[in-house]
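Student: Below is one structure. I have some questions about it.
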Amino acid sequence: MFTLARLLDFQKTKYARFMNDRVPAHKRYQPTEYEHAANCATHAFWIIPSILGSSNLYFLSDDDWETISAWIYGLGLCGLFVVSTIFHTVSWKKSHLRMVEHCLHMIDRMVIYFFIAASYAPWLNLRELGPWASHMRWLVWIMASIGTIYVFFFHERYKLVELLCYVVMGFFPALVILSMPNTDGIWELMTGGAFYCLGMVFFKSDGRIPFAHAIWHLFVAFGAGTHYYAIWRYLYLPSTLQTKVSK
């Protein structure tokens, strides 16, 4: 992944004007004006679709568990795009408010953990699980809480460790999903996970690839959209309509 990032180094090309130089591992990259605008737009665009999509799941809910899961997932999905947009807007237009920007950056990273947990909630709550696998319903929230505590104490200090935490948080609950008796939607989940993994190349490429963080945002949106489709189709769509969709 990181070898590919080194190959895609645009610092000595005509596109270098769209990005700033790389910074040491312990410092935060400062985007150009172009990149700031792209960072805001690439997540702001998805706020309304995420609200509409979450509302759709709520209205398709047939029981309390489906309603609760729709709320949890919807809050995680909308929260991700809203918090990211607010942080990048403040970072761009109000960068002199250092403490506010720093706090929002921490919240932005914390929300990712809860977004991952919320993305698994419908699968863990609405699908049949084994006696041991059912513990993952609450374990994902413990993992999200641990990740939040880590960000609070070690924000931007050990970036590779932070990235590893996101990867573990993203893949560990998937082991339970794969073991479910009903595996409908697995391919969509794997496709969404692939979008996130490919996006990590750009997540670690600020200063090498112009608009790297904005491209990462797009991969996040594609991954989230794929996972939303799987949740809508296999967990909320009435069985009669599922048959029509699959044809």
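Glycine is no exception: its Cβ is also placed from the backbone N, Cα and C atoms.
Heads up, here are the entries from Swiss-Prot:
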TOPO_DOM  1-39  topological domain 'Cytoplasmic'
TRANSMEM  40-60  transmembrane segment
TOPO_DOM  61-66  topological domain 'Lumenal'
TRANSMEM  67-87  transmembrane segment
TOPO_DOM  88-103  topological domain 'Cytoplasmic'
TRANSMEM  104-124  transmembrane segment
TOPO_DOM  125-133  topological domain 'Lumenal'
TRANSMEM  134-154  transmembrane segment
TOPO_DOM  155-159  topological domain 'Cytoplasmic'
TRANSMEM  160-180  transmembrane segment
TRANSMEM  183-203  transmembrane segment
TOPO_DOM  204-210  topological domain 'Cytoplasmic'
TRANSMEM  211-231  transmembrane segment
TOPO_DOM  232-247  topological domain 'Lumenal'
Student: Using DSSP, tally how many residues of the topological domain 'Cytoplasmic' (204-210) sit in helix, strand and coil.
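Tutor: Output for the topological domain 'Cytoplasmic' (204-210) reads 0 helix, 0 strand, 7 coil.
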Student: Are there residues at least 6 beyond the ends of the topological domain 'Lumenal' (125-133) whose Cβ is under 8 Å from a Cβ of it, and what are they?
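Tutor: 65-66, 68-69, 176-177, 179-182, 235.
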Student: Tell me, what is the mean pLDDT of the topological domain 'Lumenal' (125-133)?
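Tutor: The average pLDDT of the model in the topological domain 'Lumenal' (125-133) works out to 83.
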Student: Under DSSP, the topological domain 'Lumenal' (125-133) has how many residues in helix, strand and coil?
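Tutor: Summed by class, the stretch gives 3 helix, 0 strand, 6 coil.
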